[in-house]
Amino acid sequence: MPGRGSGVLAIAGFCVVLVGVNLPNPLVPLYTAHYGLTPLAQSVMFSVYLLALVITLLAVMLSSRPPSPHRTLVAALALCAVSDLLMMLGATSYATLLTGRLVAGVSVGLATGSAATLALAGLGERARTTVASGAVIGSLLGNVGGGLFGSVLPAPQLTVFAAHLLITLGVGAAVVLAARRSSATATEPQAQPSTVPGYLRRHRRAGLVLGAMAWSTAGVVLALVPAALREVLPEISLLEAVLPGGVFLATAWLAQLACRRYLLWLRAWQLSIPLVTGLVMIAAALEAGAIGWLLVGAVVCGLGQGPAYSLGLATVTHGLRAGRQGRAASAYAAVAYGVCGAVTTATGAYALTSDVPSAIGGLALILAAAGLIAAAFAGARQRVLPSGQVVPA
């Protein structure tokens with residue numbers, strides 16, 4: 001799978017895996033009604049896959065002999081298919097539901113580094129932040145698609161995952177066939193990695209903080225808002241309940257596209273402001289039951305989330321070649337997803353003693369402090385080179 005085909009298939013495979021792990025999010029209101037889930041239980045159902053994901057990422061990073069990225073991506077897609085089957089059985093068994101989430105987490109963990117390596121090797125320097133974009137696109141398709149099809153298909157806890165299973169098998173077959181056409185392994189991209197004078201370790205710390213902030217925000221919005229919105233407005237449909245999450249992710253993706261060419265000119269504090277402001281607006285809108293303002297808050301929050309996650313990845317992987325890109329992307333994802341799982345679970349636990357709007361408002365204060373820390377690590381703006389390469393974050 002050398003060349004451009006390798007990069008394109010890697011991106012497609014990664015997006016399919018991310019779609020699968022996000023499909024349960026819009027179905028949370030259905031699971032909540034069926035199993036009687038509390039906000040904490042909803043957070044656990046969302047976060048349990050992150051535990052498996054982080055453990056898998058750490059195992060991949062610490063392995064003395066990393067496996068072939070092609071084989072790893074195929075294994076990720078195979079586990080994604082297994083997860084779909086378990087999630088279908090989870091319609092009647094909560095334990096099986098959680099098991100499916102765990103398997104999905106392993107799948108994402110395997111796909112992250114392998115997709116990052118293959119994308120950079122096949123598509124060159126322009127694909128350095130592809131994993132960040134793929135994470136947002138996959139999350140968007142999973143949440144919106146799950147909500148849309150869950151509203152029109154019968155027995156959505158079964159049919160939604162059955163449809164995704166067929167797509168996963170199709171993409172997996174394409175990856176296997178393409179890999180068999182060539183025994184070549186991933187090669188280095190033709191483009192030379194960028195190097196920037198004055199680039200320090202603290203800049204990577206700023207990137208890690210940005211990634212953790214970005215995905216913690218996404219975790220809370222996707223895990224807690226749909227069910228909380230239906231509690232405030234019980235007359236709304238499943239699709240309307242997941243609409244804020246869809247708007248949030250769509251805005252994040254569009255913001256990534258808009259900022260792609262100028263990503264390294266952005267500053268950590270500039271992206272922290274919409275993240276925190278949007279969360280405050282979401283909390284206030286939930287408290288008031290104002291779905292219109294909730295959507296506005298989702299837009300504001302998404303404007304910061306997408307570019308923040310991309311900038312964090314660009315910072316952490318800055319100047320690395322394809323071989324090291326995979327491990328660095330895995331380390332970045334491990335921190336971002338690990339913090340996301342802890343934050344989402346803690347926010348759900350706090351919501352038990354107060355309510356979801358208060359818990360989200362409290363998280364906004366914590367993220368404001370984290371934004372100051374990221375800005376401090378980033379330091380002063382670095383010199384812009386003629387090629388447009390600057391020290392990010």
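Each residue, glycine too, has its Cβ placed from N, Cα and C.
With a cut-off of 8 Å between Cβ atoms, the residues of this chain six or more beyond the transmembrane segment (7-24) that come close are 1, 31, 45-46, 49, 69, 73, 76-77, 80, 83-84, 87, 97, 101, 104-105, 107-108, 111-112, 114-115, 117-123, 127, 130-131, 134-135, 137-139, 141-143, 145-146, 160-161, 164, 167-168, 171-172, 174-175, 178, 222. The transmembrane segment feature in TrEMBL is assigned to 7-24 (among others).
What TrEMBL lists as transmembrane segment is 44-62 (among others).
The transmembrane segment annotation in TrEMBL covers 74-96 (among others).
Sequence annotations record features per position, and here TrEMBL assigns transmembrane segment to 102-123 (among others). Outside the transmembrane segment (102-123) by six or more residues, the chain places 1-11, 13-14, 17-18, 20-21, 48-57, 59-61, 66, 69-70, 72-73, 75-77, 79-80, 82-83, 86-87, 130-131, 134, 186-189, 317, 321-323, 325-327, 329-330, 333 with a CB less than 8 A from a CB of the stretch.
Within the chain carrying the transmembrane segment (130-152), a Cβ under 8 angstroms from the stretch's Cβ atoms is held by residues 7, 11, 14-27, 30, 112, 115-116, 119-120, 123, 159-160, 163, 218, 222, 237-239, 241-243, 245-246, 249-250, 252-253, 256, 305-306, 309-310, 312-314, 329, 333, all 6 or more beyond its ends. Per TrEMBL, the feature transmembrane segment maps to 130-152 (among others).
The transmembrane segment annotation in TrEMBL covers 158-179 (among others). Sequence-distant contacts of the transmembrane segment (158-179) (same chain, six or more residues past either end, CB-CB distance under 8 Å): 1, 5-6, 9, 12-13, 16-17, 19-20, 23, 27, 70, 73-74, 77-78, 80-81, 84-85, 87-88, 91, 145-146, 149-150.
According to TrEMBL, the transmembrane segment annotation covers 208-229 (among others).
Per TrEMBL, transmembrane segment is recorded for 241-259 (among others).
Feature annotation from TrEMBL assigns transmembrane segment to 266-286 (among others).
The transmembrane segment feature in TrEMBL is assigned to 292-317 (among others).
According to TrEMBL, the transmembrane segment annotation covers 329-352 (among others). Note on the transmembrane segment (329-352): residues 38-44, 46-47, 50-51, 53-54, 57-58, 60-61, 109, 112-113, 116, 131, 207-208, 211-212, 214-216, 218-220, 223-224, 309, 312-313, 316-317, 358-360, 362-363, 366 of its chain, located 6 or more positions outside it, place their CB under 8 angstroms from a CB of the stretch.
Long-range contacts of the transmembrane segment (358-380) within its own chain (CB-CB distance under 8 A, at least 6 residues past either end) are made by residues 39, 202-203, 205-206, 209-210, 212-213, 216-217, 220, 224, 267-269, 272-273, 275-276, 279-280, 282-284, 286, 343, 347-348, 350-351, 393. Look at TrEMBL and you will find 358-380 (among others) tagged as transmembrane segment.
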Any residues 6+ beyond the ends of the transmembrane segment (208-229) with a Cβ under 8 Å from its own?
22, 25-26, 28-29, 32, 37, 39, 42-43, 45-47, 50, 139, 143, 236, 240-242, 244-245, 248-249, 252, 268, 271-272, 275, 278-279, 282, 286, 291, 294, 298, 301, 304-306, 308-309, 311-313, 315-316, 332-333, 335-337, 339-341, 343-344, 347-348, 351, 356-357, 359-360, 363, 367, 370-371, 373-374, 377, 393
Using a Cβ cut-off under 8 Å, which residues of the same chain at least 6 positions beyond either end of the transmembrane segment (266-286) come close to it?
206, 209-210, 213-214, 217, 220-221, 225, 228-229, 232, 244, 259, 292-294, 296-305, 307-308, 311, 356-358, 360-361, 363-364, 367-368, 370-372, 374-375, 377-378, 381, 392-393
Outside the transmembrane segment (74-96), at least 6 residues beyond either end, the same-chain residues with a Cβ under 8 Å of its Cβ set are 13, 16-17, 20-21, 23-24, 35, 103-104, 106-111, 114, 155, 157-158, 161-162, 164-165, 168-169, 171-172, 175-176, 179
